[in-house]
Amino acid sequence: MVKVLSVNSGSSSIKFKLFDMPAEQVLASGMIERIGLKKSVTTIKWDGQKFKDIRDIKDHEDAIGIMLVFLKKLEIIKDFSELQGVGHRVVAGGEYIKAPMLVNDEVAEKVRELSKLAPLHNPAAALGIRLFRKLLPNAISVVVADTAFHQGMPAKNYLYSVPYEWYEKYSIRRYGAHGTSHEYVAKEAAKMMQKPLADLKLITCHLGAGASITAIKDGKSFDTSMGFTPLAGLTMAKRSGDVDPSALQYVMNNSDIKDINEMIDILNNKSGLLGISGVSEDMRDVEKAAEEGNKRAQLAFDIFEKNVIKYIGQYIAELQGVDGIVFTAGIGENSWSFRSKVMKDLAYLGIKEDRDNNDTFGKNVFISTPDSKVKVMRIMTNEELVIARDTYDFMEKSPAEKASANVTKEQISR
Ligand code: ADP
């Protein structure tokens with residue numbers, strides 16, 4: 001058995017899960033928040049216990065060092081050498097990361113270069129990769145990109161209707177996001193439906209703070225709602241989703257917003273459920289306020305729900321039918337009332353809600369009745385596990401295969 005860390009490095013936080021592989025047992029999970037600020041918070045959960053530490057953590061290197069030391073102090077690991085694999089989540093893999101990749105210097109540099117496609121996310125991932133390689137020189141590193149699953153999309157679905165040279169010169173295209181989650185829940189759905197994934201037409205709805213919907217055909221992503229960046233598609237917690245670009249020009253011509261970066265920041269951080277409701281970015285607060293009669297909160301709920309219905313409808317048309325619809329992530333997994341509303345609006349497809357199953361928590365279940373023409377499922381996503389699995393796969397591979405992945409001799413001899 002080996003221990004594998006699954007890591008998600010953000011600009012001011014690092015989240016991790018430690019797995020015992022191949023048993024897929026979670027040994028610990030945790031998070032370091034407020035990196036670079038005063039009173040940074042480290043939390044670690046393991047074996048039914050919880051540990052919290054507050055101190056100033058000056059940078060990511062400091063944070064990873066502290067995290068590793070705590071893992072040892074809390075006796076979750078005996079020695080750092082037990083950590084043999086580290087899998088990193090990368091938001092933008094561009095057209096370079098089409099599948100999980102073993103990290104060598106070239107791959108690490110590519111992740112950094114791809115920061116131009118995800119300036120808020122990739123620099124932190126690149127930093128995390130560099131630091132874990134430095135601090136755990138005996139572990140292999142693997143990158144798993146959020147965009148990789150969508151690399152299978154046909155060009156007719158990933159190209160925008162803009163001058164073709166933009167694609168050639170600037171790589172402007174739809175990359176999508178949440179690919180690890182969409183692929184994972186699609187595979188789980190196929191298991192539940194007891195059919196090969198390749199034979200199913202599925203629509204997976206990842207509805208969390210960030211939200212995206214994917215149409216899956218032949219086991220591959222066929223179309224997806226997020227675009228060049230994760231700003232596009234559905235209304236989200238704070239993100240606008242799709243907007244006519246001319247509206248931005250109009251506001252900029254008629255307000256004191258003159259900088260496009262400021263405008264994009266508004267679309268990323270002050271829009272979506274928060275912008276419409278004026279109450280909160282959190283669906284729980286929005287639903288509560290709507291129940292209490294807040295009209296704008298009700299409107300935010302309705303717009304989000306309409307967006308979901310609209311994309312599902314569009315993808316049914318593109319797929320020429322659908323066998324199963326999956327709900328996952330924060331809202332998709334936890335809000336029975338949201339799922340219930342969507343299912344009512346999809347009744348025309350022969351979908352009937354299984355109210356008892358829809359009311360349950362924390363399990364993968366069919367939430368449509370057995371006689372429903374289209375199966376609807378609530379599936380708990382597990383991106384960290386996918387990253388750990390992909391990392392472990394590389395650890396299992398022979399040195400020859402590692403060599404073909406273009407790693408250095410030193411790495412192979414580890
Ligand atoms: P992300 O990983 O994108 O940050 P999550 O998938 O964890 O987000 O989803 C977080 C969101 O899920 C919260 O902001 C909240 O809106 C929503 N959420 C969580 N629990 C519930 C619930 N019981 N009812 C409605 N929404 C919920």
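Glycine is treated like the rest: Cβ placed from N, Cα and C.
These features come from TrEMBL:
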- Asn8, Glu383: Mg(2+) binding site (BINDING)
- Arg89: substrate binding site (BINDING)
- Asp146: active site, proton donor/acceptor (ACT_SITE)
- His178: site 'Transition state stabilizer' (SITE)
- Arg239: site 'Transition state stabilizer' (SITE)
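The recorded positions listed here are Arg89, His178, Arg239; among them, His178 has the most other Cβ atoms within 10 Å of its own Cβ.
The Cβ neighbour count for Glu383 (Mg(2+) binding site), using a 10 Å radius and every protein chain shown, is 21.
Among the listed recorded positions, namely Asn8, Asp146, the Cβ with the most fellow Cβ atoms inside 10 Å is that of Asp146. According to DSSP, Arg89 (substrate binding site) is assigned to a strand segment. A gap of 9 Å separates the Cα atoms of the residue listed as 'active site, proton donor/acceptor' and Glu383 (Mg(2+) binding site). Note: the CA-CA distance between Arg89 (substrate binding site) and Glu383 (Mg(2+) binding site) rounds to 9 Å.
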